[in-house]
Amino acid sequence: MTSIASIPRKLPLLLVTEDVLLPGSSIRVSVTSSANINMVKSRLLSKSSLSSSIIGVLPKEPGQFESDDIGAMHNIGTAALVVQVTGTNWPRPSFTLLVTGLCRFRLDKLVMEVPYPVGVVTQLDKLSIDDDDDENPEFAALVENFRSESTKLLDMLDVSSPVVARLKKMLNSIPHTMLADLVASLTKASFTEKLEILDAIDLMERFKKALPLLVRQVKMLEVIRKGTSLESNPGRRMIMPFQNIADGPKTSKRSDDEMDGNSDTNDLLELQKKLKEAKLPQHARKIVIKDLQRLKRMGPFSPEHGVIRSWLELIADLPWAKASQETLDIHKARKDLDADHYAMDKLKRRVLEYLAVRQLKNTLRGPILCFVGPPGVGKTSVGRSIANTLGREFYRISLGGICNQSDIRGHRRTYIGSMPGRIIQGLKVVGVNNPVFLLDEIDKMGSGIHGDPASALLEVLDPEQNCSFVDHYLNVPFDLSQVMFIATANTTKSIPAPLLDRMELIHVPGYTQEEKMEIAEIHLLPKQLREHGLDSSHMVLPQDSLKALTAQYTREAGVRTLERKLGALCRAVAVQVAEMKLKKTSDDPNIDSITDEAVNDMRGSDTLDGSVDVAPCAIPPQLPIILDEAALEDILGPPIYDSDDIWSRLGVPGVAVGLSVSLAGGNVMMVEASKMEGDGEIVLTGQLGNVMQESAHLALNWVRTASREYGLKLDGEMMSHTDIHIHFPAGSVGKDGPSAGVTIATALVSLFSGRPVASDVAMTGEITLRGIVLPVGGIKEKVLAAHRAGMRRVIIPKKCEKDLVDVPDSIKKDLFIIPVSHVDEVLQAAFEGGFHANVQLDQVRGAITSKL
């Protein structure tokens, strides 16, 4: 094997966990501990001589000591030649060594422990490969029997492996001093069994310990070959392998001790049994049988062994025919949905429709729903509620930030570290083929150099194609038609049109102030009290305080900020309660704690103001703590949103209130216009998008065109010496969209006429050059935003009246909604007393005043 006569007296030591290197065999060792890394850097990478490439490999059992601990290392090891060193320094140093065993040695003592261990060793095996001729008959028979069993083993192993093919050719020429170690390295044995072979210094003892392992391996492979052999009858070709696999332990004559000795073979039999129980479809069964035959012919050291094994385990774990029992009770579903979520009528109605059709037709495919709405309105939580209502398993997949199609469709099996996509992984986790999958934040996917995940979702979310979804790693069609997919998004603008076309959109708008108060009282406040160890006996939040909290400290479409504010209130009360209990305990050292029963027994009668009379020695009279508006300001600070903030900026010519929609719901948008001496330029500020800039230019041109009609002093001479500045406050927030045309036009008319716009009017709509008001979207969100801001009148396009159906009746009662079809109608409604033109509108509508 090597030309050196003996190994060095001192050897650097490499500590290996859960593996044993036998002389004549080769293994790959991962180097991750600091001591082993220091040895590689100092000994192997810095020198190139043959002696510097010889190290001592010592096995150690895992779990008994730390990776760098050398106090419990084995005293018998293998001197090895380092054939190859590969590694990396990023993100942390790690190396992989290919080592070939030379001979055994005994560790006499350690002469160095830092930075890596070095020991004085005694060589136990000769490096010469000459056979001894004076063999006794018993030993010769033992060697002959060993060679015969070795031939059987090599015949059953995969000859495509270079190690197996080379050993098969050289078997008869291998000296018996090396034969036992070489063949034992090919068998599947435990760490303890291989350690016994390493400790067998006597050659006959070594053969006696290795022969049972060899015989056991041969018998196991014979059982697997019989269990996976296909009969000649084509009709039984698909079922016989799995039947024999399941009956393998019964038909085999091997003992239980032999079975326990080869854990890998037992695992393979168990895997094949699981494949039978998985009830694979016919197309998958064909492929699995083929790969099972490859796996049983393949040696455990083949590079493909682990790949095929992992793939078969995934096949066995997938729910090909396992489904959860659905709960098809419409009355119970309606009750559960109403109990879990307030409002959301359209969403609940769609779920009940699905349940009704599912009850009438059990083969209905799972719908593809997409909940679109601002953050914090309960899109994600309602998906989990739907799963509980249906009695199905629930699995959430977060798609935010995904830019690789492999996250959806998996990697090819040929890649190192390949794995299935998130869809197949989710099915493996839930264990049924009809779960509820929540594809969260589907509008926040990106695309990069590794493909477009939105395009990969097309097959998943297409009801006509997902019945045969093919994951790249699985490479076998899987039926997703029974899965109920629910996607969530804040907006549909960033979702590609082909993907959007495959989903049924259900808009989930923001909540009104009244709805927020109901949600806080029914769901949020009890939840926060439980999480902070409180109850209604410790804290009371009156209706007036709750109304002030929702109006002055939150201004959002959802309820996340409201829940955080409630949590802040509970924390402040928790501090007071804890201090009260601490003071009570310090006043009376005999009282360690006050139980709820004792408190109830010591309570007196309720007074008229809601407080509770209790005995002086029972509980402090401050409980329950009632949080009024003054307490809110003490805990949360001054109100964040002042209702007078908008009103203070109104009543000035050139200011109008518009309405917009963002990812967070509807918003009130101020538009300010001013004029100054200049060169006739128009200045737009407020981080406006292209569409809004065009709306501003369009509104200014319409005002110039209709200036004579409305008596505005806005001729060409004046415009050539006047600059106009249009500003949208909150400049750090980007703004874009076609909804500000009427607002900008009204602000400009107010600026040039010197008349302020009515302070209780908000408006939305786009205009044309002829003054026609065009419809826009997000009417419900905008109306809710106007109501939250305290507006009393809302101007909307006349063609958007149909969208008012989604607005709650309580909101429509508080607002006076004005539908308009022309800018003139906007001006009549926006100014107190109207805005009268100099001439009849019918005579000049559409006419363009020009000095040409």
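If you go along the chain as it appears here, the first residue is 1 and each next one adds 1.
Each Cβ is built from the backbone N, Cα and C atoms, and glycine gets one as well.
Unlike curated records, TrEMBL annotations are generated automatically.
According to TrEMBL:
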{"type": "DOMAIN", "residues": "11-218", "note": "domain 'Lon N-terminal'"}
{"type": "REGION", "residues": "245-265", "note": "region 'Disordered'"}
{"type": "BINDING", "residues": "Gly373, Pro374, Pro375, Gly376, Val377, Gly378, Lys379, Thr380", "note": "ATP binding site"}
{"type": "DOMAIN", "residues": "650-833", "note": "domain 'Lon proteolytic'"}
{"type": "ACT_SITE", "residues": "Ser739", "note": "active site"}
{"type": "ACT_SITE", "residues": "Lys782", "note": "active site"}
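Here the features listed in TrEMBL are placed on the structure.
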residue	record	Cβ neighbours (10 Å)
Gly373	ATP binding site	24
Pro374	ATP binding site	22
Pro375	ATP binding site	17
Gly376	ATP binding site	20
Val377	ATP binding site	26
Gly378	ATP binding site	23
Lys379	ATP binding site	26
Thr380	ATP binding site	18
Ser739	active site	27
Lys782	active site	29
Query: Quick one: mean pLDDT on the domain 'Lon proteolytic' (650-833)?
result: 88
- prompt: Taking the centroid of the Cβ atoms of Gly373, Pro374, Pro375, Gly376, Val377, Gly378, Lys379, Thr380 (ATP site), which other same-chain residues have Cβ within 8 Å of it?
  reply: Phe371, Thr488, Asn490, Val508, Ala557, Gly558
Message: Looking at the binding-site residues listed here (Pro374, Pro375, Gly376, Val377, Thr380), whose Cα lies nearest to that of Lys782 (active site)?
response: Pro374
- request: Between Pro375 (ATP binding site) and Ser739 (active site), find the distance joining the two CA atoms and give it rounded to the nearest Å.
  value: 22
Task: Give the distance between the Cα atoms of Gly373 (ATP binding site) and Ser739 (active site), rounded to the nearest whole Å.
output: 19
- request: Take the C-alpha atoms of Gly378 (ATP binding site) and Ser739 (active site) and report the distance between them in angstrom, rounded.
  value: 27
- request: Write down the Cα-Cα distance for Ser739 (active site) and Val377 (ATP binding site), rounded and given in Å.
  value: 24
Statement: Rounded to a whole number of Å, the separation of the Cα atoms of Gly376 (ATP binding site) and Ser739 (active site) comes to 24
Field: Integer Cα-Cα distance in angstrom, Thr380 (ATP binding site) to Ser739 (active site)
entry: 29
Statement: Taking only the CA atoms, the spacing between Ser739 (active site) and Pro374 (ATP binding site), expressed in whole angstrom, is 18
